[in-house]
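Student: First the structure, which I've put down as structure tokens, then a few questions once you've had a look.
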């Protein structure tokens, strides 16, 4: 764990390499496990203002061992930040894979996928970069192709996957305009070429699938609804591709042993770090909630369980206090009056707006020490997290929580002439249980479900904590900002941890080991 840019993903890669090296083998399986990371980074990481290679999802890698030999691996992914596909803030980029494709595909391949100059695409933000950057991306694209081959993806699957990604980019350039004759909405004349490039068989029928809102049946509203539906389709398509990649990896890395053979396991959790940007949105709240839960888990193991064991054995012990973040979790997760429950409640009302949501928060949490109403002209609120105060912009909260995909669209995808696209939406290939929850509930409910499953796994394990400390905010090597480091040591509870380790009993053999010795 640690802030965004503190080195969690790099540490995870080093730890994996170390474990594979300790296995003393050089089997194909071990090499495949190491190849998984570049693949996941390409599709799940992006440049943010805090980190040039920021994980925009959480991953839990389970390594299964028989004696000292790795026999299989399983990957679970959590909370991919799909909204990044359609919107990036200043100084940020879309997922790496889009840039790698532009740099790495040949002219013939770009023509086959209908890809033009990257500056033309609404979903691709920022300058494309210098020649050096393009060369680095080209190299990264080759790494991704090698990883896809090494892990075992078929050539046609790779072609279909890139066709879908190119289609997503073209879809972002489709715009809508009123149909003058009957007051309905059509795809604008100027963007018909983009529609043709963007998986024609599915997306031409998009407009027919988006009903006008009965509460605001204006043509401008219908254009806006169509644009929202377009973005929803792009996000869902990308999310399904990512889920499919994870599923294929799990198929290929699954252990091939008899069911009665007992395997031991090491799990490594690498999850997005705490974030506090100039503008913080719904995604940052989800990320910071996950970090709040991990901090609570850390407190539970290091302070509560530890001191309870000393008291149980009646050791002389002066209780060490720590910053318990349970009240913050209550503020966010309590039912029926926690922040996320109120968000669901507001999302269920068609007339509700981001302003009515904020008004509800202000009245519900008046006097709460961890909540502050917004004070600027920007609609929002602040949460005092364990790592400090974060000001959230409320614009888009309801829309992102509803994340509505037009009902008819799934059927269009299932009947797509692109084989992979059809498979992604039938759910038959989504072999690890995602198919069911991909079509259920709100993103917030998906978040709660994912976190619940993750925390159950954490609490059933014997945890070791790797705390990553960010040395400076300038992304510079060899520079240590001591105030920044001290702040992290404080809010992570590491100063109290040092004290409990120093005063406590950190080495504890079993009674049997002790008697033998």
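Just so it is clear, glycine is given a Cβ too, placed from its N, Cα and C backbone atoms.
What TrEMBL says about a protein is an automatic prediction, not a curated fact.
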Student: Would you please say which range out of 428-450, 451-473 has the annotation region 'Actin-binding' in TrEMBL?
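Tutor: From TrEMBL, the annotated region 'Actin-binding' range turns out to be 451-473.
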Student: Apart from its near flanks, which chain residues at least 6 from the ends of the region 'Actin-binding' (451-473) lie with a Cβ under 8 angstroms of it?
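Tutor: For the region 'Actin-binding' (451-473), the far contacts come to 1-3, 5-8, 11, 15, 50, 58, 60, 76, 78, 267, 269, 273, 289-290, 293-294, 297-298, 301-302, 479-481, 484-485, 488-489, 492, 494.
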Student: Around the recorded ATP site, report the further residues of that chain (criterion: Cβ within 8 Å of the mean position of the Cβ atoms of 2, 3, 4, 5, 6, 7, 8, 9; site residues excluded), sequence-ordered.
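Tutor: Along the chain, the qualifying residues are 51, 273, 468, 470.
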Student: If you count other CB atoms within 10 A of each CB, which of 2, 5, 7 wins among these binding-site residues?
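Tutor: Output for this query is 5.
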Student: When the number of other CB atoms within 10 A of each residue's CB is tallied over all shown chains, which of the binding-site residues 4, 6, 9 has the maximum?
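Tutor: Result for the most crowded candidate: 9.
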